[in-house]
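A.B. asks: Handing you a structure now.
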Amino acid sequence: MTEPEVNPKAYPLADAQLTKTLLDLVQQAANYKQLRKGANEATKTLNRGIAEFIVMAADAEPLEIILHLPLLCEDKNVPYVFVRSKQALGRACGVSRPVIACAVTIKEGSQLKPQIQSLQQSIERLLV
């Protein structure tokens, strides 16, 4: 069984190890109320300047519905990354539906800060 072909526009795509780490952090962020689910809410966090980083699903159909986010991220200097599955992203966000984009938000005194910073660096390495 081969993995389905991923749209080349979904760049940078996280590998299996980074995806697992990302989804774990997304799950923790949901518990700490530091998560915004959905493309529209992710856009709002970017515009308000409260996004730590953005995670998008590479299998969003059509992909163009989330491709405004990387442009906005680059304007705001926010790291962004794609994971393969919207189903997995939805589960990590703690909802029963697929999620095509989510934003981990800034929170003062958050216990997730060290993990968030190390993931931001990993994502930025992908973008180079």
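Yeah, the Cβs are placed from backbone N, Cα and C, and that goes for glycine too.
Pulled these features from Swiss-Prot for this protein:
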type: REGION; residues: 36-48; note: region 'Interaction with U4 snRNA and U4atac snRNA'
type: REGION; residues: 96-128; note: region 'Important for U4 snRNA-binding'
type: SITE; residues: Glu61; note: site 'Interaction with U4 snRNA and U4atac snRNA'
type: SITE; residues: Lys86; note: site 'Interaction with U4 snRNA and U4atac snRNA'
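Burial and contacts for the listed features, if you can.
C.D. replies: The average pLDDT for the region 'Interaction with U4 snRNA and U4atac snRNA' (36-48) in the predicted structure is 97.
Residue counts for the region 'Important for U4 snRNA-binding' (96-128) under DSSP (helix as H, G, I; strand as E, B; rest coil) come to 15 helix, 5 strand, 13 coil.
Using a 10 Å radius centred on the Cβ of Glu61 (site 'Interaction with U4 snRNA and U4atac snRNA') and all shown protein chains, the other Cβ atoms total 11.
DSSP assigns Lys86 (site 'Interaction with U4 snRNA and U4atac snRNA') to a helix. Taking a C-beta cut-off of under 8 angstroms and a sequence separation of 6 or more, Lys86 (site 'Interaction with U4 snRNA and U4atac snRNA') has the following same-chain neighbours: Ala57, Asp59, Ala60, Pro98, Val99, Ile100.
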A.B. asks: Using DSSP, would you call Glu61 (site 'Interaction with U4 snRNA and U4atac snRNA') helix, strand or coil?
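C.D. replies: It is coil.
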A.B. asks: Using Cβ atoms and a strict cutoff of less than 8 Å, what residues sit near the region 'Interaction with U4 snRNA and U4atac snRNA' (36-48) while being 6 or more residues removed from its termini?
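C.D. replies: Hits for the region 'Interaction with U4 snRNA and U4atac snRNA' (36-48): 54, 56, 65-66, 68-69, 72-73, 76, 78, 93, 95, 99-103, 105.
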